[in-house]
Amino acid sequence: MFPKAFIALILTASALSVGAVPAPTSPCADVHIIAARASTEAPGAGIIDALVSQVQQESSQTVSTVAVDYPATLTDYANSSAQGTAATKTLLNNQAAACPNQKIVLVGYSQGAHVIGDTVAGGGGVAGLGAATPPVAASVANRVNAIIQMGDPRHVPRQSFDVGTSLRNGLFPRLQMLLNFSTLLYYDPLYLTEKDATDGRPHELPQWIYFTWAAGLFLYQSLDAIDGKQARRTGMAGPLGEMFDHASEIFTLANFYLTTWEEYHTGVLFLGYFSGPVEGILMIVGIYMITGFCGTLFWETRIWTFLGLEEVYPFNQVPNLPLNESFMCFAALGLGINIFHAYLNVQASRADPAAIRPHTKDTNPLNLLLPFLLPVGIQVAWLSHPTFNHSAIVHSALFVPFLCAWGLQFAHQVGRMILAHVTLGSERFPRWDWVWAWSVIGAVDANLPRLFGRAPIIQTNTLNTAIFVWLTLLVSLITYGRFVYLVINDITEFMGIACLVVRKKDEHGHWVHPEKSS
């Protein structure tokens, strides 16, 4: 038996009044239910038909139903869900046109729930789901009075568009940052947007993707700030929040190491005059927008040519770099300024010996920058095979998994730094991370011809190199995942709080579910 809440939702959506049984004035039923079955189920409504039938029996108004006709297979999931979405759109459009006063309800289970969601919200465009598909027209979507999705593979917990009790993401969650990365992997898995590796021609992505990246990054920034404000308002701000906020967001940001090093010694998270989380992200959003309008080749334009200064002194005495390389120069300048300010802040915090944080008294702050330089040197040495300008990894499909492995190792390193900071030195500052050993092996093996004049032992061919890079990614992922699990477990148990759940304190000062605190 399905929960009564689902039936109540349908009855409420159809504006039924108990005891009132109006006679239909047209061949259109009062309520029309479109049902999509789950994966591998036989044609028809599948298991969800039990809910549909119960609504028909208990409703005091006329209810018509139709099942979405689509493959519902797992072996070719992307095409199956795309066909289901197209079929549902056709049913919805036809029904809205034929019965303009009818109330429409969409019901789906498993892949059927995915199909229903993509019909009204758009789908595809991410790894594993095929090409992007637009949603049904807003005028038609507004005709839908209720939607029920059970076991939705695109579910995201605690979102306004996904009401339910499940706290786990589906297989293809509708997340902004995940969507950005997934579209990159789907449309450009070899990371060849700038130049195609085979013939040197431009390798363009669909330009609409850059607009989705801009929107996703802006939403990420906004939600990040809102999350911090909510944590302070609800009294949930604490070390677990900092671990989530910082240790899970620094997969590629070398500048974050410096910020965490600074916070470890000063106890304060400083944001410079040009803040990465604010101005930096907005600048990247602007870059995505420009790329969406102008295409990637726009960034090949020479900077002085673009500004109309190529014949003007003194600009004509300075190299006329492409815009993309010019931005790298500007970024290097900004990074240099941030490094200098971080150094000054740490020095100022140590001017008064009595004010030095106890867990940093016996350390030289500059020595703790070495753990950043060491893994960078290891990874660059690995990438420099067979030569620095002709890397076997950079110019291949292994570049993305290599960067992901490096990012995971870096996330693990900075996560341990933050743990040392929030525990006030109970955990030691990470000077070495054993997961680097995999990269050390890769770097030494790749450079055996330089070091000892002999061929590599492991990376003897393209296949073996690929296996070792992917193995490094797997080990890095497991290491970081284990670290995250253990830290969350320890902090939640020690503080009596829950992860990803807002709680309140009862009269005894214990964290409890909000309903139990009243």
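Using the three backbone atoms N, Cα and C, a Cβ is placed for every residue, glycine included.
In TrEMBL, the feature transmembrane segment is placed on 391-411, out of the ranges 328-348, 391-411. Between the stretches 206-225, 366-385, TrEMBL puts its transmembrane segment entry on 366-385. Same-chain residues lying 6 or more positions outside the transmembrane segment (467-488) and placing a CB less than 8 Å from one of its CB atoms are 240, 243, 247-248, 393, 398, 401-402, 404-405, 408-409, 411-412, 415-416, 419, 435, 438-439, 442, 445, 458-459, 499.
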